[in-house]
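As recorded in Swiss-Prot:
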- Gly36, Leu37, Ser38, Gly39, Ser40, Gly41, Lys42, Ser43: ATP binding site (BINDING)
- Ser110: active site, phosphoserine intermediate (ACT_SITE)
Amino acid sequence: MNNNFQNNIFWQKHSITRLKREKKNGHKSIVLWFTGLSGSGKSTIANFLEEILFKNGINSYLLDGDNIRSGLCSDLSFSLADRNENIRRIGEVVKMMLHAGLIILVSVISPYRNQREMVRQMLGKKNFLEVFIDTPIEICESRDPKKLYKQARTGQISDFTGIQCTYETPNTPDVLLKGTDSLKNNSKKLIKILYNHNIISFINID
């Protein structure tokens, strides 16, 4: 970016602060960053959790990787540079949503550890919870809801994570969920995490 142009940009402070929004909402804001292979259950778990939050009057929003790539990041390929840019853009959007007082659920493969760490640093460690959906690739491939593994195996698509490209599992995720566990059990764990971090009041989903 042109330095002269950058020097003429000034951050506009909002009269309504994040703290005021959180107080009105009755809960704090945070990011749950769901990472895992395609077909691991990221979006399914995030959707199920969002339904619970919504029914309990908690303001949340789910950002799905495919949805973002269909609009905001439709100009990006799956090269390493573009994958990094994709994650950076998502991080910038999430940063604004944090200040809106929301609980943001991000479902995106984000295959590289440095990508996820970049977002953690961008948002601040206290605002970011890395949720690793640990599902064996054999199960992900057997599910294959979008038929992407099949296309990758036959060479119809390239640069597919888990086949042609590496997925780097988190060394120490904030939350570890088994993609083979039930939606209810995984959601209970996430609700407990949010409660233990003083983000929300306790929710009983039994």
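Each residue, glycine too, has its Cβ placed from N, Cα and C.
Features as recorded by Swiss-Prot, highlighted on the structure.
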| residue | record | Cβ contacts under 8 Å, 6 or more apart |
| --- | --- | --- |
| Gly36 | ATP binding site | Lys42, Ile109, Phe132, Ile133, Asp134, Thr135, Tyr167, Gly179 |
| Leu37 | ATP binding site | Ile109, Ile133, Thr135, Ile137, Cys140, Thr161, Gly162, Tyr167 |
| Ser38 | ATP binding site | Ile109, Cys140, Lys146, Leu148, Tyr149, Phe160, Thr161, Gly162 |
| Gly39 | ATP binding site | Thr135, Ile139, Cys140, Glu141, Arg143, Asp144, Pro145, Lys146, Leu148, Tyr149 |
| Ser40 | ATP binding site | Ile133, Asp134, Thr135, Cys140, Gly179 |
| Gly41 | ATP binding site | Ile133, Thr135, Leu177, Gly179, Asn186 |
| Ser43 | ATP binding site | Phe34, Leu62, Asp64, Ser107 |
| Ser110 | active site, phosphoserine intermediate | Trp33, Thr35, Ile87, Arg116, Val119 |
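Cβ proximity to the ATP site centre (mean Cβ of Gly36, Leu37, Ser38, Gly39, Ser40, Gly41, Lys42, Ser43, cutoff 8 Å) flags the following additional same-chain residues: Thr44, Ile109, Ile133, Thr135, Cys140, Gly179. In the three-state DSSP assignment, the secondary structure recorded for the residue listed as 'active site, phosphoserine intermediate' is coil.
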